[in-house]
Amino acid sequence: QVKHATNQIVMNCADIDIITASYAPEGDEEVHATGFNYQNEDEKVTLSFPSTLQKGTGTLKIDFVGELNDKMKGFYRSKYTTPTGDTRYAAVTQFEATDARRAFPCWDEPAIKATFDISLVVPKDRVALSNMNVIDRKPYPDDENLVEVKFARTPIMSTYLVAFVVGEYDFVEARSLDGVLVRVYTPVGKAEQGKFALEVAAKTLPFYKDYFNVPYPLPKIDLIAIADFAAGAMENWGLVTYRETALLIDPKNSCSSSRQWVALVVGHELAHQWFGNLVTMEWWTHLWLNEGFASWIEYLCVDHCFPEYDIWTQFVSADYTRAQELDALDNSHPIEVSVGHPSEVDEIFDAISYSKGASVIRMLHDYIGDEDFRKGMNLYLTKFQQKNAATEDLWESLEKASGKPIAAVMNTWTKQMGFPLIYVEAEQQEDDKVLKLVQKKFCASGPYTGEDFPMWMVPISICTSDDPTCAKMQILMDKPELTLVLKDIKPDQWVKLNLGTVGFYRTQYSPDMLESLIPAIKDLSLPPVDRLGLQNDLFSLARAGIISTVEVLKVMEAFVNEPNYTVWSDLSCNLGILSTLLSHTDFYEEIQVFVKDVFSPIGERLGWDPKPGEGHLDALLRGLVLGKLGKAGHKATLEEARRRFKDHVEGKHILSADLRSPVYVTILKHGDSTTLDTMLKLHKQADMQEEKNRIERVLGAISQPELIQKVLTFALSEEVRPQDTVSVIGGVAGGSKQGRKAAWKFVRDNWEELYNRYQGGFLISRLIKLTVDGFANDKMAAEVKAFFESHPAPSAERTVQQCCENILLNAAWLKRDAENIHQYFLQRKAPPAMV
């Protein structure tokens, strides 16, 4: 549509050469463009015409040549190996955020929606797929080996969701209850491995249709596994692409955590078919709406399909605490970020958009209640379908449905960065408890001392030992301080804030309130998600220097009866952080002893082999605990791991998938060059990408300097898929103190190659974070900063700032608490004094 008379057309275009272009006004002669002016920096091209194009509609024709690149973005080639061992290439797409312009010239912005008629000319023995169903397939006149495949017209949609794939695939298919044809495409010969994802998808589509009360709008949906793939998956409308490890499950060789991961990713991408694809964000500033929402509802969907996963407790340790860790930094950012250049778009695909986004939506859902929330979602999706919307539009729909001040509350969570720390103290007055609450911004560097006083509207829930699972009081805290009276509470009853760890804040209790909560951890009367939240809050308060780390270590010892996987997983994470910190001291061995003491009782209870009646979570817990004990050098665990590994390698007794990671990491951590060679051989023989990844992630546990170098060299070799190099290098950095130094040096020495390989996508940010986050002295922070000043990575700029901030925080923590921690470890071992 020419809206104003002009002699130029400006559109997005990158790495494309235009040969000819012409414009034909409706019912008139076509005019040929006489000039193509490329603005490479802005990824645009200007087509100039010899005469003025008048107002009205017409057809723009462009003949162009593009490149099937190796950058894992745009229209790119993906390398795979056939069952007979030949190397071949598939042609696939990844357009989000700004790479449709690498496949064809277009107006590549989410709010400029159109319908797409796609035809692909492909070798006749290849599978060709796009967003819609095939409507015609005919021989290509110029070459008998080619066919032309024509797809149905798409609904009105954004460019970043267009997709096409050409390659060799097998598939399994099913119809969902609401009649949608679902297919899962797998590498040739692996159709079986698509069955689990197919079941999840076929159950999920009707669940969402019912939840939103809006049907899935396309006739089919394909889920396809792509060999070389940068992200986890991409929600292209009707043709969702995945890493192999996010889609394929082999009943015999896949571990429980892989199943869970596949279920979550399938749930996430299918949610986008409504939230993102049917209704799209106005501009990338509102990306969080897409991602935060899908990252929340994927859990709702998995909870529906697999109630035995206890997935909402896992949400707290996977998303909520991760977001709080990042959001406590001075270099965090608000959920809503203004975005200009394409490189700034890449930067916001981070834990704030996804995990904080999901956490505040979970808090909002809890505050509104499920019924009104669904009503509001339906209003929103119906009003904006096939259009674009901004954050305010969602608030308006939810406000209408619930009658609550949604926008006022939520603006405090999305428009300013950070979150509050709520300090609470209690005073007994006869049969009542009077609580005093104070909110201040929580900072990773300690008490907030800023000039301004950021304020949040915080939905507060309070429970007591009377009924730990039910809120005795719920209130919206909309001022800096609040005094509340809880009626009929005996002096010996404890009081806890943030029931279910739903509110996005941390709590600091007065010493006596905290004291009264410790027994409730030991006797498990506090629910798992609250035990987890309490421990995590304390750990972060210690990290920020608000309380002493020794206090937290004492609380950690109260978890000896803990049965819950997720609680252990979070505890284990925090001990890992502390362990990394103390690797910079000369008493690193002492924390290994502490880890062994904390984990050996549960290790003995679980043993090595599954018991009858155990489920998903027992398998996850066993793997976690054995891996933790093995790495720490627990003698019996190490011996058993070596014995089982030997049987596994000799083919006497294959390790169950759930035991592989813990065994591999244990034998490598305490292994030599023979161990490493054996692991590399297993890697070469592995048929499943999941097994290759499993090995790649643990190779960094090896501790001899020359073997560490060997692993780093391996990371960049042909044996490792480009998107997986990052986890090998990250594993080395996280494996040991020597590994950390070596990995950082390796990244600097190979920077050109690594940077070119990931071209500023989010993998470069992940690489930087994994490599340098564990350092703990001011000199290193300066070195990291200086390196990236002379080797700029625009899309990772914020990550670099966050890493430098983390290194300085680690250094301060070490200075502040190392000696106390050391003393605590020593007196734990001292024999009790004789009286």
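Heads up, the Cβ atoms here are built off N, Cα and C, so glycines get one too.
TrEMBL does not curate its annotations; it predicts them automatically.
Per TrEMBL, domain 'Aminopeptidase N-like N-terminal' is recorded for 1-161. According to TrEMBL, the feature domain 'Peptidase M1 membrane alanine aminopeptidase' maps to 196-413. Annotated Zn(2+) binding site per TrEMBL: His268, His272, Glu291, in sequence order. Annotation source TrEMBL lists active site, proton acceptor at Glu269. The annotation site 'Transition state stabilizer' is assigned in TrEMBL to Tyr354. Annotation comment: TrEMBL describes 494-807 as domain 'ERAP1-like C-terminal'.
A separation of roughly 10 Å, to the nearest angstrom, links the Cα atoms of the residue listed as 'active site, proton acceptor' and Glu291 (Zn(2+) binding site). The binding-site residues near Tyr354 (site 'Transition state stabilizer'), taking a 10 angstroms Cα-Cα threshold over the set His268, His272, Glu291, are Glu291. Considering other CB atoms within 10 Å as the measure, the emptiest surroundings among the recorded positions Glu269, Glu291 are those of Glu291. Listed in chain order, the extra residues whose Cβ falls within 8 Å of the Cβ center of the Zn(2+) site residues His268, His272, Glu291 are Glu235, Glu269, Ala271, Phe275, Gly276, Asn290, Phe293, Ala294, Ser295, Glu298. Around the Cβ of His268 (Zn(2+) binding site), the same chain contributes Ala233, Glu235, Ala294, Ser295, Ile297, Glu298, each under 8 angstroms and 6 or more positions distant in sequence.
Counting every protein chain shown, the number of other Cβ atoms lying within 10 Å of the Cβ of Tyr354 (site 'Transition state stabilizer') is 23. The Cβ neighbour count for His272 (Zn(2+) binding site), using a 10 Å radius and every protein chain shown, is 24.
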